[in-house]
Amino acid sequence: QVDAVRVYVNSSSENLQYPVLFVVRQQKGVLSWQVPLIFRGLYQRTYNYQEVSRTLCPSEPTPETGPSDQIIFVDVSSMAPFNIAYELLVTRLENFQLETNKAFNFTASPSQPQYFLYKFPQDVDSVIIKVVSDAVYPCSVVSVQDIVCPVYDLDHNVEFNGVYQSMTKQAAITVQRKDFPGEQFFVVFVIKPEDYACGGSVPSSIHGNVNRTWNLQRMKNLRVTIVPSIKKSVYVQAMFFSFLSFLSFYLGSVVVAFVHYVRVRRKASAGRLSPEDGSGIMTSSHPIAASTPEGSSYGAIDESSSSGGHQLSSPERGPPAGSDTDSSVEEESDFDTMPEIESDKNVIRTKVFLYLSDLSRKDRRIVSKKYKIYFWNIITIAVFYALPVIQLVITYQTVVNVTGNQDICYYNFLCAHPFGVLSAFNNILSNVGHVLLGFLFLLIVLRRDILHRRAMELKDVYTLDYGIPKHFGLFYAMGIALMMEGVLSACYHVCPNYSNFQFDASFMYMIAGLCMLKLYQTRHPDINASAYSAYASFAVVICLAVLGVVFGKNDMWFWVIFSMIHVLASLALSTQIYYMGRFKIDGPDSDLGIFRRAAMVLYTDCIKQCSRPMYMDRMVLLIVGNLVNWSFAIFGLVYRPRDFASYMLGIFICNLLLYLAFYIIMKLRSSEKLLPIPLFCIVATGVVWAAALYFFFQSLSSWEETPAESREKNRPCILLGFFDDHDVWHFLSAAALFFSFLVLLTLDDDLDAVRRDKIPVF
């Protein structure tokens, strides 16, 4: 048992010109202070304390010398020309050494700090120091220091040594045996003279009364408990769980592929095998010309009398661009006697009822190469984006390890398990799902791509003229984006803080944007955005996100500008979507041309003529979409949410969900089917996303607040004693994104045997 001595002094003198000086000399060190003891705060404010209590650095008996008496000299002096009364009390501490799993209560103040000794038990390699208090203020600091004298236990020097973190109501520090060769350490508790560092009010810049004494006005009751942390076997179990959970998706994919292979072999033996059966392209060797039911919004008519006029293109004709020149839509056109006009895309896209054949007229090979650019560009972006990020977070982690300042990173300290140089390995490991499932999605897309190429090599006419055109570039880009989301989320969680949150959100913006582009590309393959314009738009979004994080907290001007940009961008995009990309900015007033023309069309078509919109379905979607986006803009302008990055992400996700719901509704309205696999993926997506969002909103930390306030939200682990709520969010969100991608990949497999001039565009 280690003995410790505590010295208490008190002086009635408030004269700062002639303080009483106390010097304590021990065998291995000297400790000195004055009374009144002065603490300096923000703006050089001073706080005076007449009562001071300090614990002397203990001397532990060695095996060579054995127990011995401690000799302590206390020198008291003052330069005052008059007598000063003081009180001196030296006591022996009965509970200086903390015990494992046993709570200890005590009181501290700025002039009466406390520290205690802890020794690692033989079978414990890591412990968690948990400190709680019923009161938020005064602000305090918890420090872990090696057994070295002097002990830094005052506000101005507690940060000089060891590991420390600020605290309001809760703090937790994980300590490993390997970091302390002596297998013991001091736990130091310091109360700060001001509360602004913990989120309290900022003191006035005007100096207060320098003679004011504080003494017992900032006392804080604390309770400390030291509990063993997890063992190495838990790390192994957590790693196995993380990898096996997602490798099971690989097994499921193999099972589905095997079942499909068996079905293909059976069809082959029965003589019903299609050229590309199983790739999501063809399901029958005899395509069914399924037309839209009579009376639907797409105006399809019964073509039984004219269906015989359709001639299948020959394989030697090449890509299907311009192949369907006698579709039912054309028969309703005023220009059906002038086939040369059909080559003008502006004329084609002015049809009231568009079909997929109208928007898939370009050379398939050229369009496919155009979408492959998405894949190569995102790889380039990922490399240039990830390398500086990795370098930066390594620097952050190094700074944390060297300085011991645990206020730099916003971990869930009650469930932060270190591994090597990493402070919260569990938050990094839980992102492995994004990488594994992103790679699995790439393999699934690659399989479909290979089967599609084989069918194209056969020059099969059904492959050319039936079903949704197969362009896989965006799918490859989505798979890479999912993998990079895992990598960058792991980088963010190396040291989560205010400065690097955009690392975690950047590729989420890109994933949402790519999904919307892919959904639009499905029935608009010829007029979708190019990779260059799409990624340029994502770059603008990320720039706005960064500006929002920096200026979005208190600057009203930023929210006004952002809301205007948001609303104008929604209107501009709506006009382009409504008119199928035929809106051009030209003329002398090109800067405002698109908006002026949009206003003119709104006036002439909707107000002046009071006519029914030409494209009703698109109009309904765009009206709802604009109402949603305007609501977001108004909400941001009124409430100015502090978490701007999540606000931006919410805008993207809501728009994606709105478009996906519209697409599925219109698909069902057009008498199209949902096959079992996409139906299962839709249900799985909804269920997993609901569960994931539940854990996402279980806030465990917040870099919008001070580090001490953030720790009030910390919670213990909930899964395997290793993962917390946010780790479960990582697991579930990875699965949810994977199922979401599969929905987009398989949603229109039911159209593989339908002629493109029978597939409506919406």
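Every residue, even glycine, has its Cβ placed from backbone N, Cα and C.
The annotation compositional bias 'Low complexity' is assigned in TrEMBL to 304-314.
The annotation compositional bias 'Acidic residues' is assigned in TrEMBL to 327-336.
Here TrEMBL flags 291-336 as region 'Disordered'.
TrEMBL lists 238-262 (among others) with the feature transmembrane segment.
TrEMBL lists 374-394 (among others) with the feature transmembrane segment. Taking Cβ pairs closer than 8 Å, the transmembrane segment (374-394) reaches residues 473-474, 476-477, 480-481, 484, 487-488, 491-492, 494-495, 500, 503, 506, 510, 514, 531-532, 534-535 in its own chain, all 6 or more past its ends.
Outside the transmembrane segment (428-446) by six or more residues, the chain places 238-239, 242-243, 245-247, 249-250, 253, 422, 472, 475-476, 478-487, 489-490, 493-494, 723, 726-728, 730-731, 733-735, 737-738, 741-742, 745 with a CB less than 8 A from a CB of the stretch. What TrEMBL lists as transmembrane segment is 428-446 (among others).
Taken from TrEMBL, the feature transmembrane segment covers 474-495 (among others). With a cut-off of 8 Å between Cβ atoms, the residues of this chain six or more beyond the transmembrane segment (474-495) that come close are 371-372, 374-375, 377-379, 382, 385-386, 389-390, 393-394, 396-397, 400, 408-409, 422-424, 427-428, 431-435, 437-439, 441-442, 445, 501, 503-504, 506-508, 510-511, 514-515, 517-518, 521, 730, 734, 737-738, 741, 744-745.
Look at TrEMBL and you will find 501-520 (among others) tagged as transmembrane segment. Here the transmembrane segment (501-520) has Cβ contacts under 8 Å with residues 374, 378, 385, 389, 393, 474-475, 477-478, 481-482, 484-485, 488-489, 491-493, 528-529, 534, 537-538, 541-542, 545-546, 549, 577, 645-646, 648-649, 652-653, 655-656, 659-660, 663, 703, 737, 740-741, 744 of the same chain, all six or more residues outside its ends.
Residues or ranges marked as transmembrane segment by TrEMBL: 532-551 (among others).
Sequence annotations record features per position, and here TrEMBL assigns transmembrane segment to 557-579 (among others).
If you look up TrEMBL, you'll see 619-638 (among others) marked as transmembrane segment. Within the same chain, residues 559-560, 562-563, 566-567, 570-571, 574, 577-578, 613, 647, 650-651, 654-655, 658-659, 662 sit at least 6 positions outside the transmembrane segment (619-638) and bring their C-beta atoms closer than 8 Å to a C-beta of that stretch.
Per TrEMBL, transmembrane segment is recorded for 644-665 (among others).
Marked as transmembrane segment by TrEMBL: 677-697 (among others).
The transmembrane segment feature in TrEMBL is assigned to 728-747 (among others). With a cut-off of 8 Å between Cβ atoms, the residues of this chain six or more beyond the transmembrane segment (728-747) that come close are 242, 245-246, 249, 280, 427, 430-431, 433-434, 436-438, 440-441, 444-445, 448, 475, 478-479, 482, 485-486, 489, 511, 515, 518-519, 522, 660, 663-664, 667, 674-675, 677-678, 681-682, 684-685, 688-689, 691-692, 695-696, 698, 718-719.
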